[in-house]
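The structure appears below as structure tokens.
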């Protein structure tokens, strides 16, 4: 039966008149008509697409692609010849060497000059730091929840490089360091005994939550907003716009190619100086705590900062050896091990310490933070002499410290956040690490406050005057917990690893800034910056004398000030970039097109109309792009591909290939420093590393 049916169909096919359209009996004439109609529509769409492509080519967009259709440009896809910026290296290097020499030969004079400079900055420009810490939180949240929040930090459709869990873990690791162990028990205890003027009475039940909330203010969301703006800008301009990961690149949206001139080099130099002083401060504090731990473990009874200086020298040698030998994987493993040890230390304090007390105060600290943050952030230098002293020593100093750390931490957060949206980045960087830090401070600081409040274990007479030196407080609190003799050496090892990994990472960032953003900078330059950091840390200890924090505060606040204005430029440049982002342009086209088509439909057809896409005159008020010129240089210049010397080259965005004059694909390599140090495969013969 099926064979007969097949024959009938075959017979029909053979006898069908050649001049008439065939109708498939199995399909039916109605379905056949629908298919023919769909085919005609498809043909019309194809013709329109061809016309659109010809139109785009005729108006000469770079590489024949409309700015709203650019998928983004990644820095890895650019043709770059990385070179050492000898001007930055020599000038900044000589300034640091001169400063270290001056500090060693005349520490009293350096202290006098830095103290005078600090007083002037605090009196006249302290408001800059305080305002920046508040405005950046508002700015970032506005960006995150605006239409810009959906823009990816990478190419259209690009998936995040790391899973959400791994990304959160790395952000968590970024929040763990030397300062947690140094300031964790010390700072809340300081506020408990000597609170912010007018906040609460010292050494009271009310002071417990108030002290923890004050510490959370300094180390929480406001601190990470400073890091986040730098990280967001670097990630966006490198992975979305294809620019070099330099601080000077933030000027390109504002000043174009002029950002690669003297002004850009000054900005990169300021970033290097800020990173050197900011990181050196942590290294100095870490060495003080290691020295104190060594005294406890070995029974040495040394005075002054001599042991700490020796520790700096020894650990710096380890840092330099790691930089020169290129044992990156080993350093990374040490960092991961240290993160686990840090979590274990906090867990030990939580379990061996006043567990129930800590469980009770954690919710209260959170509520106290939100209740007191507006008042604490609104405090100014003009309130009173006491408030000026407090802000100079604590709040404003911290904002300056975070500014000095922002190039270092910002570059790190940018590297691990490729493929994330702006909204994901902002919310993740603001809240994941800050939550971890606040929890760590609550555990370490809460334990210290509990021991002081119940036993006066730290300050013997319950006043700030009898509080031990900051580097001693952690070990003083540890002595009251079981197993202190076993934990103390472990903490010393943790501090040493933190020292090496922090110095290694910060030196690497500075070396990249010195070499035009090279992801694999020269190892000797990396070692040089590590040596400079060590020298600055030594000077801080010499200048500060018995109170090392004095030298730290003086230098950080003064050297961080210029970079605050760079951060302001970052905000302006970022907004300008986001306004011309391809995704933003597509949204603009959508809104304008819908608005025009709906209006035109109502005018012509009343309630009964459908929206369709059709070409129209560029002068028509109904054109989707009638409100702006898509050929404007600020919309198109950024995705024009260039060679290593900045000359325009052909590129096919559809295939991701560079093209020769005949339109054929060509093989290209990103070059580093000079052609003479590369073989045909793009390998650095001297360092033995493959170039990016």
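Glycine is treated like the rest: Cβ placed from N, Cα and C.
All annotation found in TrEMBL is predicted automatically rather than curated by experts.
Summarising the annotation, TrEMBL assigns compositional bias 'Basic and acidic residues' to 1-15, 23-38, 675-692. Residues or ranges marked as compositional bias 'Acidic residues' by TrEMBL: 658-674. According to TrEMBL, the feature region 'Disordered' maps to 1-47, 641-692. The feature transmembrane segment is assigned by TrEMBL to 87-105, 125-146, 167-186, 221-239, 266-286, 306-327, 339-362, 391-413, 425-451, 480-503, 524-543, 555-575.
The highest tally of CB pairs under 8 A with the transmembrane segment (524-543), across 125-146, 266-286, 339-362, 555-575, is held by 266-286. Most Cβ pairs under 8 Å with the transmembrane segment (425-451) belong to 339-362, among the candidate stretches 266-286, 339-362, 391-413, 480-503, 555-575. Counting Cβ pairs under 8 Å to the transmembrane segment (480-503), the top-ranked stretch among 125-146, 221-239, 306-327, 339-362, 555-575 is 339-362. Of the ranges 87-105, 306-327, 339-362, 555-575, the one with the most Cβ pairs under 8 Å to the transmembrane segment (221-239) is 555-575. Of the candidate ranges 87-105, 266-286, 306-327, 266-286 contributes the most Cβ pairs within a distance under 8 Å of the transmembrane segment (555-575).
Counting same-chain residues at least six beyond the ends of the transmembrane segment (266-286), those with a Cβ under 8 angstroms from any Cβ of the stretch are 85, 88, 91-92, 95-96, 177-179, 182, 246-248, 250-251, 308, 312, 315, 401, 403-408, 470-471, 495-496, 498-499, 502-503, 506, 509-510, 513-514, 529, 532-534, 536-538, 540-541, 548, 551-552, 555-556, 559-560, 562-563, 566. Of the ranges 87-105, 125-146, 306-327, the one with the most Cβ pairs under 8 Å to the transmembrane segment (391-413) is 125-146. Counting only same-chain residues 6+ beyond the ends of the transmembrane segment (125-146), those with a CB under 8 A from a CB of the stretch are 221-223, 225-226, 228-229, 232, 377, 379-381, 388, 391-392, 395-396, 399-400, 402-403, 422-423, 426-427, 430, 557, 560-561, 564, 567-568, 571, 574-575, 578.
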